[in-house]
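For 12-29, 65-86, 98-119, 131-147, 153-170, 182-200, 232-250, 271-296, 316-341, 376-399, 411-434, the entry in TrEMBL reads transmembrane segment.
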Amino acid sequence: MDFSLHWSDYAVFVFWLAIYSVIGIYHRFRGRIVLLLGRLFRTNQTQMNEEKENTETIFLGNRQLSLIPVFCSVMASFLSAVSLLGTTAEAYLSGMQFYMMIAAFSIAFPLASEVYMPVYYKLRLASAHEWVYISLALYAPSLAFSQVVGLPIWLSLISTGLVTTFYTALGGIRAVVWTDVFQLLILIAGMCVVVTFGIIKAGGPQRVWTIALENKRLQSFSFSPDPFLRHSVWSLAIGGASLVLCTFGANQTLVQRYLSCRNLQTARRAILLNIPTNVIFLLVQLTAGLVAFAYFEGCDLIKSGLIKKTDQILPYVVMVLFNGVPVVRGLFLSTIFAAALSTVSSGVNSLANVVLEDIIRPFHVILRQKDLSAKYMTIMAFVLSALIGLSTVGMAFLIPFMSSRILQFSYSLFGATGGPLLAVFTLGMIVPCVNNKVRFLMPGLTSSLI
């Protein structure tokens, strides 16, 4: 079977990379473009031209972003390539028990919206694990496609990494948010096409259901307290809620989205809208895993040597299902990398904000006894975004040295770092007297990373 990509598949992929770059260019020169149009149509747009001269616009969109793009950006940042590949593989290997994460969503999202977010709305927060995770998010699709279709890892890492760095550094938060909107649309369309076509090729929904039932892929709830059990109500509902709350309650990438909203109500809605949409998309990902299992019934993809890692299941299924069908493979390639780019661009922008606001600026005040100028901070914002983006690409080349599944690795990473961070923020909320003494918790946070 020919797994090589058609030229039209590459064309679709390159087309979307070009679109992302154009969005970055537009938002970098948005003020000048609007000013030029204003002159042509004789309207006053001077204020728009001045927006790009400060870091608040670069990192927070001047706090004027509306509900729909912020909601799409939050969802796209959460639905990374790690989640897409890992959740599908989880359903293929272990069944549908992962759907208990729905309970986690129902617990964590309201808590983030109604308890944490109003407090964070006026703060800027840091995320210690972001750098490693965005490198993982960039590496995951590159690995999957390199071993399935022979696409060199270095080529996909460098091309997608450079494009992401380009539009993120150039366009700031607005470029990131609006590319997230496009990437989410690609993600949803691509997965719906894969699941629909896969069900048809597997013999219909009834056959998929029967095979999954016969092979114990539709398990009921397990209330066992055994901590060594792979999935149970306790680990997924309670543990999952803690994990999701760490992400939506103490993650700089998402907190920065909330801060960019027009008001507190818009930010709350952006979070709560993620409950139904994430539930639906989780079920789509799990269904894709069941479809893959039904289609390859009786064939162990790893033991047969067809794939080397479970994270390659979804790309392999797509290559088989759409063999000889041009463009569709390119659409799926765009889908996987759209999930990766949305996470990477969000992380790069938020990390640049953290480094500038929480490290460079305070040290400059201590050493020089004065604040940075607005012009210098703007220049530093662009430079930091570029440097962090490039370093992320470099760090992605180190990810192959891990041995676990990408979903397991990413969740372990979030659990090890997100929990202590959430604890620090929660302590600062409920015990105000320790706000300026919270540094005593940092040894515990450091030990969790080790």
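Easy rule for this one: first residue shown is 1, then count along the chain.
Heads up, the Cβ atoms here are built off N, Cα and C, so glycines get one too.
When Cβ distances are compared across the two stretches, the transmembrane segment (182-200) makes no contact with the transmembrane segment (376-399), since fewer than 3 pairs at least 6 residues apart fall below 8 angstroms. If you look at the transmembrane segment (153-170), the same-chain residues 6 or more away from its ends with a CB under 8 A from one of its CBs are 17, 20-21, 23-25, 27-28, 138-139, 141-143, 145-146, 176, 179, 337, 340-341, 344-345, 348-349, 382, 385-386, 389-390, 392-393, 396-397. Panel annotation: around the transmembrane segment (376-399), residues 52-55, 58-59, 131-132, 134-136, 138-139, 142-143, 154, 157-158, 161-162, 164-165, 168-170, 172, 344, 347-349, 351-353, 355-356, 360-361 of the same chain, lying at least six beyond its termini, place a Cβ under 8 Å from a Cβ of the stretch. Pairs of Cβ atoms less than 8 Å apart link the transmembrane segment (65-86) most often to 316-341, out of 12-29, 98-119, 232-250, 316-341.
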